[in-house]
């Protein structure tokens with residue numbers, strides 16, 4: 001990521017690496033697109049930044065959570081607090097990015113914004129390394145993806161082998177997987193993996209049990225009971241992961257249509273004129289306020305009421321986030337109806353002038369979506385970390401960010417599909433027109449509200465049948 005930001009800083013600073021300046025006042029001279037070596041340099045830097053961000057966000061939650069002793073109630077509570085404040089710190093960074101850095105880029109130049117980001121990342125490296133002697137590090141045990149594909153391929157190929165008395169499921173004691181040492185066993189969720197070492201595969205997802213044969217089709221595909229059980233756990237959490245994609249699809253509206261809505265409204269705050277692009281600061285501030293409130297007030301209260309260690313289960317927390325996203329889309333539809341009513345009454349439907357309605361109406365949907373993001377993201381990270389096998393935790397927590405990316409792609413696909421289905425000779429597409437006042441954005445929000453409701457019903461089904469690996473948590 002450091003290299004990508006550095007390349008962006010150099011390209012933003014050097015006039016020879018940028019396309020010719022675009023002058024909006026001369027529409028007869030079209031703006032030139034970047035191409036050739038300049039385009040290669042730009043996309044290389046962007047991909048390097050994306051690769052670095054993906055690596056950090058995938059590894060950091062799991063690394064941070066592993067610093068706490070999960071064998072004690074105090075350690076588990078501290079781990080839960082870590083996930084809450086991890087999301088809080090992400091919001092702090094986002095707040096600085098959408099306020100200070102954006103202001104510097106607008107007033108001083110893009111090279112200053114990229115330069116500050118580069119310096120900040122560079123400064124974080126020695127700070128992180130300074131704690132290396134104190135970190136609790138997990139010994140590398142190979143790629144979890146290798147284990148997953150190995151088990152799946154082995155189960156598929158062994159399904160076509162004839163069954164015989166000499167070709168039966170073997171115990172993990174004779175498998176190629178090494179038995180974990182005492183320290184690893186203590187860390188692996190109170191020895192749950194140890195109990196499986198001398199047992200046969202479980203009855204759930206029985207088709208994967210074919211991967212554990214005395215005489216497999218190939219020695220390289222020989223799997224242990226532990227490996228099969230670990231892959232089963234990953235498969236069981238995938239439906240929960242899939243149910244969060246719709247929530248992130250709703251979150252995508254915060255940086256797209258919600259910003260366009262605010263751009264048509266009165267964005268003055270006293271003597272200040274707030275840029276619509278700065279509106280993402282609202283959910284960020286809501287998360288920063290709600291995270292400490294949730295951790296220090298809501299959770300202790302629910303612990304006293306339920307007399308349980310977690311207060312509310314991880315799946316309940318994710319469910320609360322999904323419900324909040326449904327309410328957010330309903331509120332967004334009502335706000336859009338109100339906005340268009342003001343535009344009609346003011347006879348500004350075909351005008352680009354600001355409407356006589358404050359942009360603070362948009363803050364309501366930001367409030368609910370920001371709260372939904374906090375409940376779901378922190379709950380999802382902790383759920384994946386605690387439920388995933390010991391050597392697959394980083395992979396599992398990375399699913400949270402994969403859900404975010406897939407939600408944004410889904411948003412794009414739904415917009416395209418809606419415009420395609422609603423475009424005919426008599427009617428214009430819902431999300432098309434000379435300006436936003438001619439869109440049927442309220443219908444789109446109602447559609448997202450309905451889809452989110454269906455998604456929540458789908459989530460309830462999987463959450464109710466899910467069995468926690470940790471005893472005492474209960475279901476939903």
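Note: Cβ is positioned from N, Cα and C throughout, glycine not excepted.
Here's what TrEMBL has on this protein:
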TRANSMEM  38-60  transmembrane segment
TRANSMEM  81-104  transmembrane segment
TRANSMEM  110-129  transmembrane segment
TRANSMEM  237-257  transmembrane segment
TRANSMEM  277-297  transmembrane segment
TRANSMEM  318-337  transmembrane segment
TRANSMEM  357-383  transmembrane segment
TRANSMEM  395-418  transmembrane segment
TRANSMEM  444-463  transmembrane segment
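At the 8 Å Cβ cutoff, the transmembrane segment (277-297) and the transmembrane segment (357-383) share at least 3 close pairs (sequence separation 6 or more) and count as touching.
Contact check: the transmembrane segment (318-337) against the transmembrane segment (444-463) gives at least three Cβ pairs closer than 8 Å, residues 6 or more apart, which meets the contact criterion.
Sequence-distant neighbours of the transmembrane segment (237-257) (same chain, 6+ residues past either end, Cβ-Cβ under 8 Å): 279-280, 283, 315, 318, 321-322, 325, 328-329, 332, 365-366, 369, 372-373, 376, 380, 383-384, 387-388, 396, 399-400, 402-404, 406-408, 410-411, 414, 441, 444-445, 448, 451-452, 455-456, 458-459, 462-463, 466. Long-range contacts of the transmembrane segment (357-383) within the same chain, counting only residues at least 6 positions beyond its ends with a Cβ under 8 Å from a Cβ of the stretch, are 61, 65, 79-80, 83-84, 86-87, 237, 240-241, 244, 247, 250-251, 253-254, 258, 261-262, 265-267, 274, 276, 279-280, 282-284, 286-287, 290-291, 294, 314-315, 317-318, 320-322, 324-325, 327-329, 331-332, 335, 338-339, 342, 397, 399-400, 403. Outside the transmembrane segment (38-60) by six or more residues, the chain places 1-5, 7-8, 11, 17-19, 86, 394-395, 397-398, 401 with a CB less than 8 A from a CB of the stretch. Outside the transmembrane segment (110-129), and at least 6 residues removed from its termini, the chain residues within Cβ reach (under 8 Å) are 1-2, 5-6, 8-9, 12-13, 101-102, 104.
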